[in-house]
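To start, the structure under review is shown below, and the notes come after it.
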């Protein structure tokens, strides 16, 4: 969260408030599409209340920092990515408890849902505002230090995810297979994949350019699983939530793997078209510049030089439009 705050510039926030496309996309993607998707998957796979709450909680989380790193790798719009992540994190303070309350009504008669600690969820979310605000202050006062912290946060996220996956696989692999049903594994695979597709479709509806579509796709499918894990561990009784506190880790595993495939496919097939589009934009700019220079020469000429047969040079006045 500190690294996310260091990536936000106050000038960009002002621009987003004047033209809040990133804010709107974050709202629709993270708090309309993803919670509804999590609710439908929980119904389709007939999950019990414990698994359903874990899936809903993950679906209602804001965007994660993983999307910022992946956006760099697919030549996305980094400003849009950062604004969407920051906006969804701030909006989650109010909308995440609301979404949990709305979508948990189907399991309202269960003990776990009746004990759903919406106040504790809001408190945990509120605690993220402190490092974000500190990061914004560092960016405002010390831009170079903020750039360094952004790089440290992104790469530390990548390294810690890899270490976490290795340790989980070696230490908790058998327990995960024994205690988590196959339907939950299926949701962990399908949910980020559907989120990426929904994000890309949402950006297409808004008629955004290809690099922005890739950014919105990654922002929608990547959830803040660290926050989801913290909420499950800090706000629910361990005896009730059981092994389902591991669901965010499963989601992180599959969202990272699928995002990695997204990046690999782009590197293999999409990068050339991106270069051609960029080159085409530069050529258009050059042509426009040449035309502009020709028009300037035509408008500012006060006469033309003509050569006659006996090597004489004559100036012929021409009319200049005012």
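Glycine is treated like the rest: Cβ placed from N, Cα and C.
TrEMBL annotations: computationally assigned, not manually curated.
As stated in TrEMBL, the feature region 'Disordered' covers range 300-322 out of the listed 277-299, 300-322. A contact between the transmembrane segment (184-203) and the transmembrane segment (80-103) is absent, since fewer than 3 of their C-beta pairs, 6 or more residues apart, lie under 8 Å. Long-range contacts of the transmembrane segment (115-140) within the same chain, counting only residues at least 6 positions beyond its ends with a Cβ under 8 Å from a Cβ of the stretch, are 1-10, 53, 86, 89-90, 92-93, 96-97, 100-101, 104, 146, 149, 227, 230-231, 234-237, 240.
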